[in-house]
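S.K.: Got these off Swiss-Prot a minute ago, pasting:
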type	residues	note
TOPO_DOM	22-245	topological domain 'Extracellular'
CARBOHYD	Asn67	N-linked glycosylation site
CARBOHYD	Asn84	N-linked glycosylation site
DOMAIN	142-205	domain 'Ig-like C2-type 2'
CARBOHYD	Asn178	N-linked glycosylation site
CARBOHYD	Asn223	N-linked glycosylation site
TRANSMEM	246-264	transmembrane segment
TOPO_DOM	265-304	topological domain 'Cytoplasmic'
COMPBIAS	288-304	compositional bias 'Basic and acidic residues'
Amino acid sequence: MSLMVISMACVAFFLLQGAWPHEGFRRKPSLLAHPGPLVKSEETVILQCWSDVMFEHFLLHREGTFNHTLRLIGEHIDGVSKGNFSIGRMTQDLAGTYRCYGSVTHSPYQLSAPSDPLDIVITGLYEKPSLSAQPGPTVLAGESVTLSCSSRSSYDMYHLSREGEAHERRLPAGPKVNRTFQADFPLDPATHGGTYRCFGSFRDSPYEWSKSSDPLLVSVTGNSSNSWPSPTEPSSETGNPRHLHVLIGTSVVKLPFTILLFFLLHRWCSNKKNASVMDQGPAGNRTVNREDSDEQDHQEVSYA
């Protein structure tokens, strides 16, 4: 009986702890840039890798550069482990796509799943483009507005960012018209008020951008929303397929253990019930015998 109780306790412990690996040796950490992923030339940026898993070490790796992997001892603060990588004096050589990994001391060669990629871009290298709004920077809620980024420089790609947003939109430059190269970013409906800037870049150096355009404030009158269209991010209605895959996989793994726990609990209760019935059996027989004896005595008195 004690072995069964111990087994039930162990299964319940794992279910409560949720100790199921998501992917890799440990689940992926998060990678952030402070103050942001767009860094002016010669300025400093801090890349922070953090996780609620207590990693002792973090590794920072830039894609395509094997000799630029940095290792840092993690700090444990308020239930979070983190490591800060400072990139001083930003140059073209340091721009690119970064990922970070976590590891623990007793398994230093087993890394966690990689963090989501983070693009670090150097800005301020080329002539700034111009940013304008059509029909104008002030529109009614529900109306369409188009932001046009243009320059006489032959940029291959234009990037539009909104102040306070982590991601940006990008479009290839259209054919040269009136000695300018232009990309038009439609915002439809016009519920995306905020301050916008645009940048230009060349095809062979996607992480090296121009200077920022002058800021453009788009004002939306009426009922406005701060939603920002992102073709790369799914809406909350459709959900993230990757996240759903993790949830489904975790549920499939937990289901057999849940069934096992139910089976053990049912068997334990059945054994307990059977033991209780066996204990009550002799007492019941003695009661019946006493009743039979009393009934026989009563019959003898009556015949007498």
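Using N, Cα and C of the backbone, Cβ positions are placed for all residues, glycine too.
What you see is a predicted model, and the numbers here were worked out from it, not measured in a lab.
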S.K.: Averaged over the topological domain 'Cytoplasmic' (265-304), what pLDDT does the prediction give?
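M.R.: When the pLDDT values over the topological domain 'Cytoplasmic' (265-304) are averaged, the result is 49.
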S.K.: Given Asn84 (N-linked glycosylation site) and Asn178 (N-linked glycosylation site), what distance in Å do their CA atoms have, once rounded to a whole number?
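M.R.: A Cα-Cα distance of 48 Å.
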S.K.: Just how many other Cβ atoms lie inside 10 Å of the Cβ on Asn178 (N-linked glycosylation site)?
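M.R.: So the number of other Cβ atoms within 10 Å of Asn178 (N-linked glycosylation site) is 7.
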S.K.: So how many of the residues in the domain 'Ig-like C2-type 2' (142-205) end up helix, strand or coil by DSSP?
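M.R.: Residue counts for the domain 'Ig-like C2-type 2' (142-205) by secondary structure: 0 helix, 38 strand, 26 coil.
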S.K.: Using DSSP and three states only, what is Asn84 (N-linked glycosylation site)?
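M.R.: Looking at the DSSP assignment, Asn84 (N-linked glycosylation site) belongs to a strand.
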S.K.: Hey, what's the Cβ neighbour count for Asn84 (N-linked glycosylation site) at 10 Å?
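M.R.: Excluding its own Cβ, the number within 10 Å is 16.
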